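K.L.:
As listed in Swiss-Prot for this protein:
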TRANSMEM  11-31  transmembrane segment
TRANSMEM  34-54  transmembrane segment
TRANSMEM  71-91  transmembrane segment
TRANSMEM  97-117  transmembrane segment
TRANSMEM  142-162  transmembrane segment
TRANSMEM  227-247  transmembrane segment
TRANSMEM  254-274  transmembrane segment
TRANSMEM  288-308  transmembrane segment
């Protein structure tokens, strides 16, 4: 078996494994009393992560440069990053929600890379002169890892909005689900709610929200905040590294290239998210909306700009 066949087998296994892991994660949420489902899904995800790592490593060995020079390699690295970040965060939080929201995205990315891209775009090609630099590994890998983390954090914010169904629930308690909160209904003024000894929340508009659901919302909100807080510094480092590399390659730190512009927009959105959470104590719906916008902007920055085929970052992608 040559390297190309081995790579194809690993990618096919990764897609099948992600599909299986997604179904197992969803089953663990639907049937929480069945023990072992979450561990089984995590094991499958770990095997997928290893398969993707083998694919990228073999391309690195065969071609002699870090495998982030075209769209196919970039997509596989993003899928690897999503599974790696997911496994790391899940090991720290023991949350079943992480895999349920991240694995479908990783599966879609892997499917797009292996099924949608033509064969000629999946093959490695010689590097253009500007990419023959050690900055390739540092800048691009850090940016891709930051995208993986920010995508995962934003997905949790989207999940928060789905669960609340448009209700403006401003959390006031701690991240473990204690304290009070405010519910703003569509046809009445905001009303104050508090928890009674039985654990059932009462409020003036007679809207009852189960305390377990509130614990879930507070956990999702806090986890999203922490994950985005982890990804933002990496995004900053990646942008700075790219500016230094651009100065070495083209003699300018910033050229307002489409990719650079959208990277800046991405940075500003998540900077605003963290600013509002830290200085204005935003919780709940408002920061979730901001993070959801950030989710879309990350994809525009990563994929959308490359479909234009313009700018300094268009080589090796969809030019």
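Any Cβ shown, glycine's included, is placed from N, Cα and C.
Could you place the listed features in the three-dimensional structure?
P.N.:
Same-chain residues lying 6 or more positions outside the transmembrane segment (11-31) and placing a CB less than 8 Å from one of its CB atoms are 37-38, 40-41, 44-45, 47-48, 51-52, 55, 76, 79, 83, 96-97, 99-100, 103-104, 106-107, 110-111, 113-114.
Remote same-chain residues near the transmembrane segment (34-54) are listed as 6, 10-11, 13-14, 17-18, 20-21, 24-25, 27-28, 76, 79-80, 83-84, 86-87, 90, 96, 99, 103, 106, 110 (criterion: CB distance under 8 Å, separation of at least six residues from the stretch ends).
Tertiary proximity for the transmembrane segment (71-91) is limited to same-chain residues at least six positions away from its ends with a CB under 8 Å from its CB atoms, namely 11, 14, 18, 42, 45-46, 48-49, 52-53, 55-56, 59, 98-99, 102-103, 105-106, 109-110, 112-113, 117, 121-122, 124, 140-141, 144-145, 147-149, 151-152, 227, 302, 306, 316-318.
Sequence-distant contacts of the transmembrane segment (142-162) (same chain, six or more residues past either end, CB-CB distance under 8 Å): 68, 74, 77-78, 81-82, 84-86, 89, 97-98, 101-102, 105, 217, 220-221, 223-228, 230-232, 234-235, 237-239, 241-242, 263, 266, 270, 284-285, 287-292, 294-295, 298, 302.
A Cβ distance under 8 Å defines the sequence-distant neighbours of the transmembrane segment (288-308), meaning residues of its chain 6+ beyond its ends; these are 71, 78, 147, 150-151, 153-155, 157-158, 160-161, 221, 224, 228, 258-259, 262-263, 265-266, 269-270, 272-273, 276, 314, 317-318.
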K.L.:
So what's near the transmembrane segment (97-117) in sequence-distant terms, Cβ-Cβ under 8 Å and 6+ beyond its ends?
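P.N.:
Sequence-distant neighbours of the transmembrane segment (97-117): 8, 11-12, 14-15, 18-19, 21-22, 25-26, 28-29, 38, 41-42, 45, 48, 52, 71-72, 75-76, 78-79, 82-83, 85-86, 89-90, 151-152, 155-156, 158-159, 220, 223.
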K.L.:
How about long-range neighbours of the transmembrane segment (254-274): same chain, 6 or more residues beyond its ends, C-beta under 8 Å?
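P.N.:
Same-chain contacts beyond the flanks: 143, 150, 228-229, 231-232, 235-236, 239, 242-243, 246, 287, 290-291, 293-294, 297-298, 300-301, 304-306, 308, 310-313.
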